[in-house]
Each structure stands twice: as structure tokens, then as C-alpha cells.
Amino acid sequence: LVTNKASVLPEVDKIIVLKEGSVCDFGSFDELMAKSGEFAEFIAEYVIKQESQDIDEKEMQILAKLRQTVKPLIERQLSVKSNESDSQSQNVSKPVSISDTNTEKTPEKSETNSNTKPIDNNEDELSDESKGKLIDKEVSAKGGIKMSVYKKYFGLIGAWSLATIFVAFIVSNIANAASGLWLSEWSNDALKPRVGNGTDLRVYRLGVYAGIGGAEVIALIIAQLWLRIRCMRTSNQLHDQMIGRVVRAPMSYFDTTPIGRLLFRFSDGIDTLDGYVIYVLDLTFINFFMMTQSLIIISFETPLVLLAIGPIIIVYIICQRIYISSSRQIKRIESETRSPIISHLSETFNGTASIRAFGADHWFVRQSYRRIDANNQCVYLDSCGEQWLKIRLEFLGSLIVFVSTISAVIFRDQLSPGLAALVINYSLNITLILSAFVTYISHTDKAMVTVEKCMELTQTPQEAEWYNEKTKPADNWPTMGCIEFTDYCTKYREGLDLVLKDIAIDIKGRQRVAIVGRTGAGKSSLALALFRLIEPTTGTVTIDGVDCSTIGLQDLRSKLTIIPQDPALFSGTLRYNLDLLVQYSDLEIWRALESAHLKTFVESLERGLNHDIAENGENLSAGQKQLVCLARALLRRTRVLVLDEATAAIDMETDDTIQKTIREEFESSTIITIAHRLNTIIDYNLVIVLNNGSIAESGTPEQLLADNTSIFYSMAKQEKLV
């Protein structure tokens, strides 16, 4: 059992106490408590912390027993904390008076809202916003592929490139036809023994035949090579457009779009563009020109054959239309059924520990089978449709061979043996060519479904502009960190209710402001609004007098820093995670690590700053990951710092470390804390209490605690702070 919850420790047989990666003590609970060492001090600190939290009756009984065990240590720690609190109170007494003016501005509102009933603890966070997190169903297009898809794809290839490819294919097929005619003429030399036995003539015939064959090969190589080069560049361009649009998409897009859908587009979709699309386009072009060549030669030598072949080709087209209309839609459905497989795999991989802990392995396996079966149904139907088409194409091809052979027999007096053989040969070939052409043009249409899906990502909605040169603020903006919300309202996206309503806040520079409220009050929405992750419907947010909605997002977000509840770490070195844009020297990084109390840990690592961080920081503890985020914030040193419940999921010691560092290192910054533990913000200059997206109360902690009918008072009472 690996835990920070000390209340369960009396129930275990043996306890291993770790400190800085080493075992510092070992024994039973009673043995360790009898030593009155670091373990006993940890228990004492735990009891003090937990008594200010909202805990159940059973937990309270356990704490009472623990308190009796470590009573002397608790009294000593409380004495030390009392002295520290008195010192801090003297230091912050002056800033508190600054926020008094803010409270006095809206006395009526504060008085009215202070009578608001406490919010239900079971209310979901942003209950109305949860609608915005519902997954949007993937919309499947119907009917044929729009010409705009073909136009855009071939437009990316380029008109001159297409012309070059077509000319090369035409030259190749002309050379192929010429070689056949030349070979036919050569075979007729056998009927002229006196002429055909000459060595010079045979060398001449062979030289011309080799020259024509060489021209065919060169033209075909140019056509296929240039087609592949241009298609690969088109794939790269389309990928760049896709990634460029997705990374600039608003946050609401990622709330409503499953990760599996995006992974499928960027994996299978791009793989299809890089390989299969090029393959079927190449074979479609080859078979189209070969079919045209064969029909021209057959009709030129036996024109009456066209009267029979014409209706057969019409039947070919009808079969192709019937097949492609169903095959195209099956491909779209298959694409939709594959995305859930990838989403399920990703979710299962990320939640492996929980799945095993709850014994849900078999359920997840069945869910995976169900998704794979749904996808296989589409694959099977597509395969059946392809076999249906092949049977009919083979039958129609046999009819063409039959008609051509009968025609050659009927017109035997008008055809030389060489030409008759050539016509029959092309008739045999056209069976395969027509079947291949119809098949590959159908495959091209199906492949364009993937292109269609990828192009949908190029239409992804975008955030506001990244830079705005016309309204670019000064380089040293903001200088004070004054923040003002004026009649601010916002929603997560169109069609949803407002999550923040008529917010009016005036935060002075260098103030420490706490945003509190029960679950569902809209605290995190306020932080999102400051970073413009959600845009206002009405009202404004200004920082040092600059309207945030008028400047570029990069200009705004580069001047703000947030330490989130869930620390964001990336695969790479520790240095990379601290300094993503390579802006700071090693000396600055080490200073930040020292201030974040990480220097000793990093020095103990074999590679130091070049230590590899696993995906999502899996090789670091929760506290260490949060301290890395703190070090990142210390490097940036912006005038505005937002803490979004940054210490909600970490142990008490790390929480104390972060709170102490923030107080010392960000004295000149405006700090906005979305708080979950009221004891950490009790000395703040201003407390804003949110209720259902509106400001219920605002004032200093002392003012709000003085009103025993206020929401803040009820929350503090629940945490046993009053």
C-alpha cells in the first residue's frame, strides 16, 4: 500500500518510511511512533491538516486516536505555526486595505448575495457546461465525392504537373501502340521470303523496335515518377494544412471530438494518402490510356466491332455505378467504425491500472471485440461487393473477346495475318484492361473518401488570430498586472447556456486574489476566460487597460502563466520541459529549480537537466511534476500568475512548499488562485465567491468571515477554520 493517507497506517503490519529516495525508518506503527522521529512528526502534521478538512465521522474517530498519540508534537507544531501566522499577518495587513475599496464599491450586491443558500455539494462542475463535453457524432457524407474534393486535391498536385504526367502517359501509350504495329509489320515479312531474309532489314526492324520500346519505358518512368513526387508533396501539404488547423482549433473542438477520430485521420488517413491513393491513381491512369489505345486500334482495323463493344461498355459503366454507390458509402461507414477502435485502444492503454484494479479486463476485451466486429462487417461487405463486380466484368470481357474474334474471322480477307493477330491480342487485353480500369476507378473513388475526411480537418474552426500587429501591446506590457472584468458573460459554445454571467471584478496590481465556490460554481471557467480559451459573448477583460479581446492570442498568453491542477509534461528531457522555446540559460534554469526545491533532486539524477521525462511525466511523482510546473512558472516570471487548484492532488508537504515559494517569488505579480483549501488563501487580499457562474460575494477574508450568513463563512466552517 503506497499512500499519503496516514489514517490507515495503524492497520498495517509494517511501515517503510521513505525520505529523498531512501528508507529512513522501518517497523510497526507503534514502534515508529515510540521513536518520536520523523514519522511521528509526519503523523502530527497530518492530524493538524486533516482536522481543517471536511471528513467523515469514521475518519474523525481515527484522527482523535492519532491526536492522543502525538499530542506533544502537535502542540509544538501549532506553536511554531502560530508564530509564523502572526508574522505573515503583519506583512499582509497593508495590502488587505487595498482591496477594501473593491468591497465597498458594491456593498448592496455583497449584502444581498451573502444570504444566498449554500450550493449543493453534489452539483457537477459546470453542470450546463457538461453539455459542451458531449462527443459530437461523426458526420458521414452521402452520395458521390464532391467535385470540390477532386478539384482541391488535383489543384495541390498542380495543373502543369498534371499536364506533364498526361503527356508522358500519352507518349508511352503511343510508343506501345507503335511497337505493336511495328511488330505486326515485321511478322508480315515472313510472307515475303526474298525481302524478309535480309540481315540489314532484320537489324533495321530490331533497331526501330528497340528505339520505340526505349521511348515507351522512358516516358512511363517520367509519368510514374513525377506522379509519385507530386502526390507525396500533395500529401505533405495536406498534412501541414490539417495539423495547422487542428493545433489552432478552440478548446471546445477537442471537448467534442474523440481523440481516436483525430488519430485515425493522422495515421490511417495520411498513410492512405502516402501510399494507396498514389497506387490507385497510377493504375487508373495506366489502364485508362491502355483502354483508349486498345479501342482505337480495334476500331481502326475492325470498325464494326465498335457497334458491339459500345453497348457492352455502357453495361460496364452501369455495373461500375451500381458498385461504387454502395462501395463508397461502405468505405465511409468503415472509416467511422475504425475510429472507435483507436479511441477504445487509447482509453484502455491510459486506464490499464484502473481496469486491472477493478477486474474489468474481460469487459474491455468484449468491448474491443464488438468494435472490431462492427468494422469487419464493413470490410466483409466491401469484399463481397468487389467480387460481385469482378464476376460481371469478366463476363462482359469475354463477350468483347468473342465479338472481336468473330469480326477477325469475318474480315479475314481484308486483314493481314499480323493485323488479325494484333486485333485479337488487343481484344484479349481489353478484357483485363476494362476490368482493371473499372475496378481501379472504383478504388480511386473509395480512396478519395479518405481524402474527403482529411480535407474536413482543413475546415476545422479556428481560434482568434495569433498575432495582431495593429493592436500589439508594448513589449513590457503588463507592467502592473491590473485585471478588470466588466459585465463579462461567456459560454463554451453556441447553443449552450452561459457559464459566467455579468462578472464584474477589479483586481489591483500585485494583489493576491482567491476564486472560491462550491463544485459547479464556474471557477475554472474564469481562468479559461482570462486566457481566452473561451471567448466572451458580452463584456470585456482588460489587463493594465488593454482590452484582451483586441490583441493577438500569442501576445496575451505569453504574458500570463498558469500552474494547472494536472501538470502537463512532455516526452523529452527535463530541460526541454522547463524551457520549451529555448529562451533561458542553464544558470537561470538552475536558479528556478532551486527556488522550486527541485535542485537537489535534479543534481542526484545521472544526466541532470538532460534526464529523460516519460510521456505525461510517468517517471516522476505527482508532487515532482507539480514542482516542475512551478519551476517553469518561475522561469517565465510574468506579471499575472494563475493557480488552477494547483495543489489539489498532491501531498501536504509539497503543498506547503509551493505555497511558500509562490509567496516569496511572486511578490511583484498579481496572483489569481482557484482555491480548494481555504487555509491556503486565508491571508489573501481579495476573495471572490462564485455561485452558478455569478459573483455571490467579494471582499477580504476577514470581511466575509465576519458575516456568518455568507457562503464563504459556511465553507470555512465546513473546513473547521471558524
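Our numbering is plain: 1 for the first residue shown, then up by one each step along the chain.
Note that Cβ sites are derived from N, Cα and C of the backbone, with glycine treated the same way.
Annotations in TrEMBL come from automatic prediction, not curation.
What you are looking at is a predicted structure, and each value in this text was computed from that prediction instead of being measured.
Listed features, source TrEMBL:
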{"type": "COMPBIAS", "residues": "80-101", "note": "compositional bias 'Polar residues'"}
{"type": "COMPBIAS", "residues": "102-111", "note": "compositional bias 'Basic and acidic residues'"}
{"type": "DOMAIN", "residues": "163-446", "note": "domain 'ABC transmembrane type-1'"}
{"type": "DOMAIN", "residues": "483-717", "note": "domain 'ABC transporter'"}
{"type": "REGION", "residues": "80-131", "note": "region 'Disordered'"}
{"type": "TRANSMEM", "residues": "153-183", "note": "transmembrane segment"}
{"type": "TRANSMEM", "residues": "203-227", "note": "transmembrane segment"}
{"type": "TRANSMEM", "residues": "276-298", "note": "transmembrane segment"}
{"type": "TRANSMEM", "residues": "304-324", "note": "transmembrane segment"}
{"type": "TRANSMEM", "residues": "395-412", "note": "transmembrane segment"}
{"type": "TRANSMEM", "residues": "418-441", "note": "transmembrane segment"}
Chain residues in Cβ proximity to the transmembrane segment (276-298) (below 8 Å; excluding those fewer than six residues from its ends, i.e. six or more beyond): 165-166, 169-170, 172-174, 176-177, 180-181, 223-224, 227-228, 231-232, 235, 305-306, 309, 404, 422-423, 426-427, 429-430, 433-434, 436-437, 440-441, 443-444, 447-448, 450-451
Intrachain neighbours beyond the transmembrane segment (304-324), with Cβ under 8 angstroms and 6 or more residues off its ends: 295, 298, 385-386, 388-389, 392-393, 396, 399-400, 403-404, 407, 411, 434, 438, 441-442, 445-446
Overall pLDDT of the domain 'ABC transporter' (483-717), taken as the mean: 89
